[in-house]
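Annotation comment: Swiss-Prot describes Y12, R29, R45, Y46, S53, Y124 as Fe-coproporphyrin III binding site. Swiss-Prot lists H181, E263 with the feature Fe(2+) binding site, giving sequence analysis as the kind of evidence.
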Amino acid sequence: MTKTIGLLVMAYGTPYKESDIEAYYTDIRHGKKPTEAELQDLKDRYQFIGGLSPLAGTTNRQAESLRDALNQAYDDVEFKLYIGLKHIHPFIEDAVQSMHEDGIDEAVTVVLAPHYSSFSVGSYNTRAQKEADKYGITFKHVEHYYQQPKFIQYWTEKINETLADIPQDEHDKTVLVVSAHSLPKGLIEKNNDPYPNELHETAQLLEQHSNIIHVAEGWQSEGNTGTPWLGPDVQDLTRALYNEHKYEHFIYTPVGFVCEHLEVLYDNDYECKVICDELGVHYHRPKMPDTDPLFIGAIVEEIKNVY
């Protein structure tokens, strides 16, 4: 007999329409409304990438692809999909409540972020678990999947494809910039958080498995809190690498993200490219994982480790 269990896929969330932006930004800021200038700055960024982020649709497609792949991988279990978002509806708590209403008493949770931090993946899991405890739902949490061979294979293939478009004699003048979303430095250090080390391990694995010669690690998209965040920022790193090594090609792999959204389309494709153009060097950014079977397969393999 097939058993039905829940699959809770959690993600950051993004505004569905322009009128959602203020409430969304306020939620990110823990209930503190943005100033008019701050709100306009965010609206301008969205306009620059085409109006709104494609994240909402991509999250749904990724979640559906994962559900389908899991239902193919397991013979005796049927996974029922629920999507819970951090900063906009359907919120994480809404998804767990829907599970309860559907009679789900067991579920697997996964966040669409490959590296673990207590301030990112950990906070999603805590919110989900707190709500699940109200209803007696048992959760198995996926904490990370950056180390899964299929995840590394995806990025290795994309790096090698990008290198293939660069003349062979310029490979030694090419650098791979491996990055993830920055987080407050003090909190990371105080809690001995594994997040920076997980990015470092990812960079090492990509260096080992791909044809790239030079690799650098950076952070991006830091918040404006007035306190130090993990660095170096990828923009500062780009200038420093050029000044020291005179690299001619920069390949940006924002491996902490799993699809194209504001942080990639603006922070990489605009801000980093502006610096590359200013320096007279070539900007490259391989395709993000989205619903690629290797990426989805990496999460499936990690779920097999917990359920």
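Even glycines carry a Cβ here, placed using N, Cα and C.
Following the DSSP three-state reduction, the secondary structure of Y124 (Fe-coproporphyrin III binding site) is helix. The two recorded residues E263 (Fe(2+) binding site) and S53 (Fe-coproporphyrin III binding site) have their Cα atoms spaced 9 Å from each other. Taking a C-beta cut-off of under 8 Å and a sequence gap of six or more, R45 (Fe-coproporphyrin III binding site) has these contacts in its own chain: L262, Y266. Between the CA atoms of Y46 (Fe-coproporphyrin III binding site) and H181 (Fe(2+) binding site) there is a gap of 18 Å.
For Y46 (Fe-coproporphyrin III binding site), the count of additional Cβ atoms within 10 Å of its Cβ stands at 18 [all protein chains shown].
Using a 10 Å radius centred on the Cβ of H181 (Fe(2+) binding site) and all shown protein chains, the other Cβ atoms total 23. Of the recorded residues, S53 (Fe-coproporphyrin III binding site) and H181 (Fe(2+) binding site) place their C-alpha atoms 17 Å from one another. When every Cα pair among Y12, R29, R45, Y46, S53, Y124 is compared, the largest distance found for this Fe-coproporphyrin III site is 26 Å.
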